[in-house]
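Database features (Swiss-Prot):
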- Cys49: active site, nucleophile (ACT_SITE)
- Thr48, Cys49, Asn50, Arg51, Ser107, Glu112, Pro113, Gln114, Gln118: substrate binding site (BINDING)
- Gly187, Ala188, Gly189, Glu190, Met191, Ala192: NADP(+) binding site (BINDING)
- His97: site 'Important for activity' (SITE)
Amino acid sequence: MDHNIYLIGLNHRSAGVDVRERYALTNVEEFESGLLELGVREVMALSTCNRVEILVVCAPEITQPNILEYWAKRCCGSVSELEPNTYCHDGLNAVKHLFRVACSLDSMIVGEPQILGQLKDSYRKAVEAGAARVIINRMLHKSFFVAKRVRTETSIASSAVSISYAAVELAKKIFGELEGQRAMLIGAGEMAELAATHLLNSGVEQISIANRTYSRAEDLAKCMGGSAVSFDNLYDHLVETDIIISSTGAPHAVISAKEMKKVIKKRKYRPMFFIDIAVPRDIDPDVNGLDNVYLYDIDDLKDVVEENKSQREDEAIKANSIVEFETLSFGNWINSLDLQPTIVDLFNRSENVAQQELAKTLKRLGDVDAKTHKALETMAMSIGKKLLHEPVAFLKRRTEEEGKADEFVDLARRMFNLDNETIPADAHCGRKKNRNPEN
């Protein structure tokens with residue numbers, strides 16, 4: 001195999017939110033482009049609130065430390081900080097991990113549907129940038145197929161909750177009931193839309209949507225029967241808001257402790273609850289130090305998630321079995337890639353021999369008409385292909401055996417001398433002398 005497959009990442013289990021936000025990728029396309037310039041053959045990066053993962057296909061001389069060093073440098077961090085918080089998978093372990101991510105078996109909330117959409121979006125961008133090619137294309141399409149199988153053949157999604165649902169459940173734990181409370185969503189993406197739905201179902205009195213693109217805030221507010229808020233007037237509206245759920249894609253905090261100090265004073269110190277489900281975080285952590293202001297981030301949702309976990313454990317076992325099967329299936333395809341150049345060489349050798357023998361035959365026959373020439377050529381080529389049919393079928397079967405691909409490919413290349421090695425004239429002399437005449 002002349003390539004390696006690596007998947008390097010960090011997630012909610014391996015790193016806290018402070019590390020995740022520091023090494024989040026704010027410009028995935030530029031990140032991928034930089035890796036291609038370093039000599040990586042294919043790359044796709046996924047950056048969400050709970051994980052950053054880099055899938056790479058590269059030549060053996062490019063190593064995992066090379067990729068970590070590039071990642072740390074791009075995020076103005078250090079390998080010494082990044083490495084202890086990451087995990088690295090290679091080969092089929094990388095494939096298996098990707099499949100688990102696609103099925104949301106690796107999510108904070110097992111069975112949640114958002115990750116598949118995020119993965120598809122990352123893949124689309126990698127394709128558009130020319131960063132995803134043969135192997136990543138196949139891996140991602142296979143991962144979508146595996147996710148579909150898991151959702152069709154198990155009930156893992158039926159009891160799943162979303163991050164947005166968990167955020168609203170946390171708000172309920174804080175307030176008891178949400179009737180009469182005024183809520184604001186900062187950000188107008190998919191998570192905000194889901195949060196708005198759950199808040200309305202929980203009986204909030206009023207909901208407002210703040211977004212940098214005001215028209216998007218208006219659209220979501222109209223849909224949800226709420227009001228849109230301009231970012232320019234954000235702090236004025238916070239004075240009248242009890243619950244804030246923030247989920248923008250901003251690379252920096254959008255709520256500062258300095259401004260919130262003024263807001264809480266205007267509220268006469270009535271309690272405010274912020275739930276920040278963005279990574280990088282939207283809300284300055286120092287906000288939590290203000291009187292009667294309570295700030296929770298995405299890592300605080302774990303207790304809500306644990307309550308839902310036991311219902312999905314049996315379904316997760318079934319889902320993991322599907323992942324294992326499809327990972328082995330993908331491994332067979334990878335092995336066939338190693339075999340493909342040898343198959344091409346075999347048929348080229350067969351065609352060359354057929355052409356040589358055809359030329360000799362035509363020379364002996366003398367002048368023949370075009371029809372006879374064509375018939376002889378077809379026969380010569382056909383014999384070559386038919387003679388190779390069984391050896392090629394044998395090779396395909398054998399290379400599907402784990403760990404056997406290189407062994408059988410090497411054997412075939414030597415058997416048919418596809419690399420044009422020079423064979424000594426006396427190579428078989430000893431064998432002839434020792435041969436038993438009775439045999």
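We count from 1, first residue shown onward.
A Cβ is built for glycine as well, from the same backbone N, Cα and C atoms used for every other residue.
Everything Swiss-Prot records as a feature, shown here on the structure.
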residue: Thr48; record: substrate binding site; CB count, 10 Å: 22
residue: Asn50; record: substrate binding site; CB count, 10 Å: 25
residue: His97; record: site 'Important for activity'; CB count, 10 Å: 21
residue: Ser107; record: substrate binding site; CB count, 10 Å: 24
residue: Pro113; record: substrate binding site; CB count, 10 Å: 16
residue: Gln118; record: substrate binding site; CB count, 10 Å: 17
residue: Gly187; record: NADP(+) binding site; CB count, 10 Å: 26
residue: Gly189; record: NADP(+) binding site; CB count, 10 Å: 16
residue: Glu190; record: NADP(+) binding site; CB count, 10 Å: 15
residue: Ala192; record: NADP(+) binding site; CB count, 10 Å: 25
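The binding-site residues shown are Gly187, Gly189, Glu190, Met191, Ala192; of these, the one with its CA atom nearest the CA of Asn50 (substrate binding site) is Met191. Here Ala188 (NADP(+) binding site) comes close to Ile209, Asn211, Thr213, Arg216, Ala217, Asp219, Leu220: these same-chain residues lie at least six apart in sequence, with C-beta atoms under 8 angstroms from its C-beta.
DSSP gives Glu190 (NADP(+) binding site) a helix state.
If you measure from the Cα atom of Gly187 (NADP(+) binding site) to that of Cys49 (active site, nucleophile), you get 14 Å. Around the residue listed as 'active site, nucleophile', the same-chain residues six or more apart in sequence whose CB sits under 8 Å from its CB are Arg20, Ile163, Ser247, Ile277, Ala278, Val279, Ile298, listed in sequence order. When Cα-Cα distances from His97 (site 'Important for activity') are compared across the binding-site residues Thr48, Ser107, Pro113, Gln118, Glu190, the shortest belongs to Ser107. A separation of roughly 12 Å, to the nearest angstrom, links the Cα atoms of Met191 (NADP(+) binding site) and Thr48 (substrate binding site). Excluding Thr48, Cys49, Asn50, Arg51, Ser107, Glu112, Pro113, Gln114, Gln118 themselves, the residues of that chain whose CB lies within 8 A of the CB mean position for the substrate site are, in sequence, Ser104, Met108, Ile115, Ile163.
Closest in space to Pro113 (substrate binding site), of the binding-site residues given as Gly189, Glu190, Ala192, is Glu190, taking the CA atom of each residue. The number of other Cβ atoms within 10 Å of the Cβ belonging to Met191 (NADP(+) binding site), over all protein chains shown, comes to 22.
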